[in-house]
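**Q** Encoded as structure tokens, here's the structure I'll be asking about.
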Amino acid sequence: MGRFIFVSFGLLVVFLSLSGIGADQECLPGWSFYEGHCYKVFDEYKNWTDAEQYCTEQENGGHLVSFHNREEVDFVVKLGYTILKADIVWIGLRDFWRECHWGWSNGAQLDYKGWNDEPNCFIAYTVGNKWLRRKCSSTQQFVCKSPA
């Protein structure tokens, strides 16, 4: 009887782990889940256009990260600094037409702002939550975001 219970419990544990119960199965391995999206920090240096293209070519698609509230920024800041030990990453904000028509690379509405007045692409300092405009041709590490 005891062996039957032990085997049954063992099979239950295996079943639950394979079904994703209690595990973070919303994102691909190496990606982190937050509020319906998956995020991944890339420790590679690319210009803004190449970083955005790299994000769209990932298995789960996506774009450079867009922010819609302070809590999302805090999540990405913690994720970025933990992985990179650096404090600057590309984000998906850019003046696409160079006429101050700002928009996220994924088409989302710009509803949260934090920057100064310089070139047409944006970096985020992962410490201090400052957004700065930077030449799109410069290279930085970056964070991709995709729907879960």
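Just so it is clear, glycine is given a Cβ too, placed from its N, Cα and C backbone atoms.
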**Q** The disulfide recorded in Swiss-Prot for CYS136 goes to which of CYS100, CYS121?
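**A** Out of the candidates CYS100, CYS121, the one Swiss-Prot links to CYS136 is CYS121.
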**Q** Which one is it, CYS55, CYS100, that Swiss-Prot ties to CYS144 with a disulfide?
**A** CYS55
**Q** To see if you understand the setup: which same-chain residues, six or more apart in sequence, place their Cβ under 8 Å from that of CYS136 (disulfide bond)?
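**A** The answer is ASN47, TRP48, THR49, ARG94, PRO119, ASN120, CYS121.
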**Q** In the predicted model, what is the mean pLDDT computed over the domain 'C-type lectin' (34-145)?
**A** 85
